[in-house]
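A.B. asks: Sharing the record's features from Swiss-Prot:
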type: ACT_SITE; residues: C423; note: active site, S-acetylcysteine intermediate
type: ACT_SITE; residues: C424; note: active site, cysteine radical intermediate
type: DOMAIN; residues: 7-629; note: domain 'PFL'
type: DOMAIN; residues: 636-764; note: domain 'Glycine radical'
type: MOD_RES; residues: G739; note: glycine radical
type: REGION; residues: 622-645; note: region 'Disordered'
Amino acid sequence: MKVDIDTSDKLYADAWLGFKGTDWKNEINVRDFIQHNYTPYEGDESFLAEATPATTELWEKVMEGIRIENATHAPVDFDTNIATTITAHDAGYINQPLEKIVGLQTDAPLKRALHPFGGINMIKSSFHAYGREMDSEFEYLFTDLRKTHNQGVFDVYSPDMLRCRKSGVLTGLPDGYGRGRIIGDYRRVALYGISYLVRERELQFADLQSRLEKGEDLEATIRLREELAEHRHALLQIQEMAAKYGFDISRPAQNAQEAVQWLYFAYLAAVKSQNGGAMSLGRTASFLDIYIERDFKAGVLNEQQAQELIDHFIMKIRMVRFLRTPEFDSLFSGDPIWATEVIGGMGLDGRTLVTKNSFRYLHTLHTMGPAPEPNLTILWSEELPIAFKKYAAQVSIVTSSLQYENDDLMRTDFNSDDYAIACCVSPMVIGKQMQFFGARANLAKTLLYAINGGVDEKLKIQVGPKTAPLMDDVLDYDKVMDSLDHFMDWLAVQYISALNIIHYMHDKYSYEASLMALHDRDVYRTMACGIAGLSVATDSLSAIKYARVKPIRDENGLAVDFEIDGEYPQYGNNDERVDSIACDLVERFMKKIKALPTYRNAVPTQSILTITSNVVYGQKTGNTPDGRRAGTPFAPGANPMHGRDRKGAVASLTSVAKLPFTYAKDGISYTFSIVPAALGKEDPVRKTNLVGLLDGYFHHEADVEGGQHLNVNVMNREMLLDAIEHPEKYPNLTIRVSGYAVRFNALTREQQQDVISRTFTQAL
């Protein structure tokens with residue numbers, strides 16, 4: 001919508017001095033601004049500058065708190081009676097005179113806020129876990145006076161849904177905390193200023209008057225008008241919050257420091273007001289590079305100052321914290337917030353979107369050391385400049401802090417070069433698309449239900465529909481598949497029904513006004529489902545098909561263990577016999593999900609992703625027909641089961657790359673660990689070989705999708721074993737797990753052991 005603001009006014013003319021293009025001035029269109037003004041960079045990293053003394057001093061101050069967190073597995077501090085909002089806290093600083101970019105979630109570094117609107121129970125559990133008492137008035141307010149998202153969901157859940165939740169056939173549902181996975185276009189605040197954005201919402205609100213008076217789609221129209229009003233209110237709150245730090249963000253940013261600061265204030269408002277499971281940053285590096293390059297040309301900024309701006313911005317992202325429970329940590333370990341920033345990629349016009357600022361973002365892993373946040377994600381294309389490819393490979397080899405995603409696949413699929421990644425692997429066009437996050441369904445447990453007639457093998461209660469159990473002495477593949485298909489139908493209904501409830505209630509009681517204010521009015525919504533236990537279910541079905549699997553039953557006839565006679569092909573070795581089973585399961589479940597009605601007509605998608613919940617899923621799932629023992633962790637994401645991918649890196653990568661993105665458009669996570677020696681004896685060879693692996697895995701053409709996502713760890717198992725025994729020697733040791741990075745010291749002992757038990761590829 002065209003915005004009727006006089007952009008010839010001095011405030012806008014000064015801010016946009018030297019910027020090319022006109023469409024983006026008349027209506028909100030950040031992509032158009034970028035395409036007209038960014039400077040592609042095809043050189044190497046030799047221009048980069050070291051950290052300033054201020055950066056080093058500030059980061060050491062932050063690290064003091066992080067060391068306390070690592071040692072205690074507890075927050076440094078948290079509020080006791082303030083319900084956080086965008087404006088709830090006064091300004092907070094690390095050391096104000098040294099900070100080029102300012103702003104904290106609360107009034108002190110690493111102090112955590114209370115987010116009661118998603119649910120009071122998680123906060124109560126946190127108080128109990130960390131030895132504090134909740135203020136009685138605060139508890140009364142959010143129990144009796146102000147209904148929360150969590151209360152709304154559990155008021156409406158069915159008994160079947162509650163049993164699915166208890167058994168672990170559905171796990172990680174966002175029914176007690178913020179759903180997240182929404183990416184505000186935080187760049188809009190820097191480019192346009194708050195006044196421009198507020199005016200757009202006022203015009204859009206007025207535009208609905210006729211529809212309202214005619215009674216057209218009445219409930220949806222009223223809801224949209226209320227949401228637009230909330231957007232306007234949230235934008236003004238962001239302006240008020242920034243004023244506490246001495247900044248007037250009603251106008252556009254006029255220089256690089258203001259552009260970084262304005263953008264960060266927009267993101268800060270999001271993490272002040274929501275505790276979503278994933279609070280992604282978006283695609284900011286090349287946008288900010290435009291301002292930095294303009295300041296370079298004006299002679300008001302040099303390279304070290306530019307790096308300092310980025311360092312201080314990234315430092316603030318590294319400090320974002322939410323108050324979580326130990327139970328949450330068992331699912332999503334190590335305080336992840338998934339502040340995912342995508343870097344690189346190619347434009348639709350064939351130009352690379354790599355800029356010098358792309359290098360600066362990666363360089364923060366040197367200036368301040370490795371860190372899990374922000375979740376730095378390389379959008380990989382075979383056409384990326386070779387110097388950037390090699391630099392990214394070098395950063396991975398040294399820090400194990402990067403993940404890679406297939407730009408050639410997703411750019412083509414979206415027909416957009418302005419998309420980003422929500423959480424770990426979920427692509428969406430920035431400002432035009434949002435996601436209803438849906439956690440994941442346990443396919444391995446579903447297979448056991450298919451064998452046992454819907455009885456849970458751990459709880460010994462009826463969870464699925466009551467059907468005749470499969471009582472053959474040797475499991476018959478066709479019968480098992482028929483039964484599994486029936487139970488997948490049932491699971492899809494329970495899953496989508498639960499998600500419809502969750503997202504209705506989240507919109508009602510914990511709406512993300514500050515994030516949605518930075519979207520177009522009419523957004524494309526997806527309902528993001530997920531699969532866990534894919535490799536367990538796949539190998540189990542392969543064993544049933546190609547070997548002889550005999551159920552071992554308890555006194556009630558329940559299959560509680562399995563005896564395998566013979567060998568069977570295992571997923572992860574580029575064997576079509578078993579890889580085709582994995583592909584079928586992905587396609588089969590997606591088609592069942594897609595057939596069901598969804599809240600707000602969201603388009604169903606699914607991911608193959610577990611985060612660190614692969615450990616909890618293993619705990620909740622009994623012995624499986626592939627020979628996996630009860631309690632043993634699942635493989636993460638789309639990974640082959642630990643130790644079963646025996647034919648080297650290329651075979652394992654090839655198996656995973658076969659999984660159809662067409663039926664898993666919420667992403668397919670693969671975590672790849674390789675010992676340094678397998679990549680080569682010297683650094684130049686290692687970089688070249690890693691670049692070659694990435695090019696091969698992500699290769700995309702008309703008939704070949706290519707892999708979608710790859711975590712890369714380059715390290716020896718022996719180092720991780722030493723880190724368990726001597727954590728003080730490795731304060732910043734960062735590893736990639738399923739879809740994100742985490743400080744190794746922040747994992748539980750069980751999760752550390754799970755990481756160590758995974759395949760470390762010894763050869764290409």
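Backbone N, Cα and C atoms are what each Cβ position is placed from, and that goes for glycine too.
Could you place these features in context, so I can see how deep they sit and what lies close by?
C.D. replies: Under the three-state DSSP scheme, C423 (active site, S-acetylcysteine intermediate) falls in the coil class.
In sequence order, A278, W338, T340, N375, Q403, L609, I611, G667, S669, H709, S738, G739, Y740 are the residues near C424 (active site, cysteine radical intermediate), counting only same-chain partners six or more apart with C-beta under 8 A.
Mapped onto DSSP helix, strand and coil, the domain 'Glycine radical' (636-764) counts 56 helix, 23 strand, 50 coil.
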A.B. asks: Could you please provide the mean pLDDT value for the domain 'PFL' (7-629)?
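C.D. replies: Per the prediction, mean pLDDT sits at 97 for the domain 'PFL' (7-629).
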A.B. asks: Within 10 Å of the Cβ of C423 (active site, S-acetylcysteine intermediate), how many other Cβ atoms can be counted across all chains shown?
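C.D. replies: C423 (active site, S-acetylcysteine intermediate): 29 neighbouring Cβ atoms within 10 Å.
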